[in-house]
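As recorded in Swiss-Prot, the features of this protein are as follows:
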- 14, 29, 30, 31, 32, 33, 55, 74: acyl-CoA binding site (BINDING)
- 2-87: domain 'ACB' (DOMAIN)
- 2: N-acetylserine (MOD_RES)
- 8: N6-acetyllysine (MOD_RES)
- 8: N6-succinyllysine (MOD_RES)
- 17: N6-succinyllysine (MOD_RES)
- 19: N6-acetyllysine (MOD_RES)
- 29: phosphotyrosine (MOD_RES)
- 55: N6-acetyllysine (MOD_RES)
- 55: N6-(2-hydroxyisobutyryl)lysine (MOD_RES)
- 55: N6-malonyllysine (MOD_RES)
- 55: N6-succinyllysine (MOD_RES)
- 77: N6-succinyllysine (MOD_RES)
- 77: N6-acetyllysine (MOD_RES)
């Protein structure tokens, strides 16, 4: 998987006809962050930040995943979402 394919997928996911489920969006978020930043480098958000905690958890689950593996999973998921929701 190339950086260009990853960037194309990141752009395409913004143009889906229907918004993916929260679970699908957390998958996308976690893999995007792992591919672009690497292992999580922030503290878990506070008790009342439910969205922030969910996003943090999705990214934290990928700790140790290589950039290439995260990019590949991200691209594959975007392709799946394009078939499911249209673009």
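Backbone N, Cα and C atoms are what each Cβ position is placed from, and that goes for glycine too.
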How many whole Å apart are the CA atoms of residue 74 (acyl-CoA binding site) and residue 17 (N6-succinyllysine)?
18
Can you tell me how far the Cα of residue 55 (acyl-CoA binding site) sits from the Cα of the residue listed as 'N-acetylserine', in Å?
25
Distance from residue 32 (acyl-CoA binding site) back to residue 19 (N6-acetyllysine), taken between C-alpha atoms, in Å:
17
DSSP three-state assignment (helix, strand or coil) for residue 30 (acyl-CoA binding site):
helix
If you count other C-beta atoms within 10 angstroms, which of the recorded positions 8, 14, 17, 19, 55 is the most crowded?
55
Let me know the most crowded of the binding-site residues, choosing from 29, 74 and counting other Cβ atoms within 10 Å.
74
Taking the recorded positions one at a time (31, 33, 77), which has its Cβ surrounded by the most other Cβ atoms within 10 Å?
31
What is the Cβ neighbour count of residue 30 (acyl-CoA binding site) at a 10 Å cut-off, with all protein chains included?
24
Integer Cα-Cα distance in angstrom, residue 17 (N6-succinyllysine) to residue 33 (acyl-CoA binding site):
23
Taking only the residues the record lists as binding acyl-CoA, namely 14, 29, 30, 31, 32, 33, 55, 74, what is the largest Cα to Cα distance between any two of them, in Å to the nearest whole number?
17
Could you give the Cα-Cα distance between residue 77 (N6-succinyllysine) and residue 31 (acyl-CoA binding site), in whole Å?
10
